[in-house]
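Here is what TrEMBL records for this protein:
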DOMAIN    1-169  domain 'Cytochrome b561'
SIGNAL    1-18  signal peptide
TRANSMEM  37-55  transmembrane segment
TRANSMEM  67-94  transmembrane segment
TRANSMEM  106-129  transmembrane segment
TRANSMEM  149-169  transmembrane segment
Amino acid sequence: MFSLSLSLSLSMFSLNAAVMSYKCLPLKKPEKKLIHLVLHAIALILGIIGIYTAFKFHNESNIANLYSLHSWLGIGVIVLYGIQWIYGFLIFFYPGGTMTIRSESLPWHVLFGIFVYILAVGTATLGYLEKLTFLQNSGLAKYGAEAFLVNFTAIITVLFGVFVFLTILSQPPQEDEHSYSAI
Ligand code: HEM
Ligand code: HEM
């Protein structure tokens, strides 16, 4: 269960960074594109590892698979995320679509990306709710420190999501020759 939470948390962390990379890094477009692509790949791989670990844990402990809304949305998130990554890679990176396909795809890529992102945040909060409910049903204090910690972690996930969303709406930094770059 620890590796499940760890890899899914790290996956959300990379996802946040990947979505914000275009707006927060004072670098040239091709570098930002590469960072965006690689961070999304890391998030996707960690997400798959996290879900694999969840199934492994369930199977080894004789717990049923895929019975919760959280798990259904989780499968939806990872499938849509994989499709979004493959489409983005093929059209915007390699082999790359024609200019028309790129420019017509981009608004859809951004819209779909925002949708998958919000769904991932929602899924994660349901995961926290479910985990805490299990713990509270097995005796954890309802207003105890652990319960507060889990709920606040979920609230921080949501608040962070709001700021990531605002970052997407913001204007990108101007590209210039004087920006920071690797020495
Ligand atoms: C976007 C991130 C997440 C995704 C995509 C995701 C996906 C999944 C999936 C597909 C399962 C089903 C595994 C099975 O049926 O064998 C699952 C189970 C579970 N997840 Fe998550 N999860 C995420 C985040 C979290 C978080 C943050 C927690 C909180 C600690 C969590 C807690 C759980 C628990 C307790 C289970 C077992 C119960 C169940 O199957 O509903 N998950 N998750
Ligand atoms: C699941 C994976 C992905 C998600 C969720 C995603 C999501 C997003 C989002 C939300 C934006 C808007 C960012 C902003 O305007 O600040 C964006 C922009 C963009 N993404 Fe992705 N993306 C993914 C994968 C990829 C891949 C693999 C590529 C391939 C290079 C790519 C190429 C681009 C490009 C070129 C832009 C436009 C940047 C601009 O000029 O404003 N994306 N993506």
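Cβ atoms here come from the backbone N, Cα and C positions, even for glycine.
Fair warning: this is a prediction, and the values are worked out from it, not measured in the lab.
Residues 8, 12, 15, 19, 68-70, 73-74, 76-77, 80-81, 84, 87-88, 91-92, 150-151, 153-154, 157-158, 161, 164-165, 168 of the same chain lie 6+ residues outside the transmembrane segment (106-129) yet bring a C-beta within less than 8 angstroms of a C-beta in it.
Mean model confidence for the domain 'Cytochrome b561' (1-169) is a pLDDT of 93.
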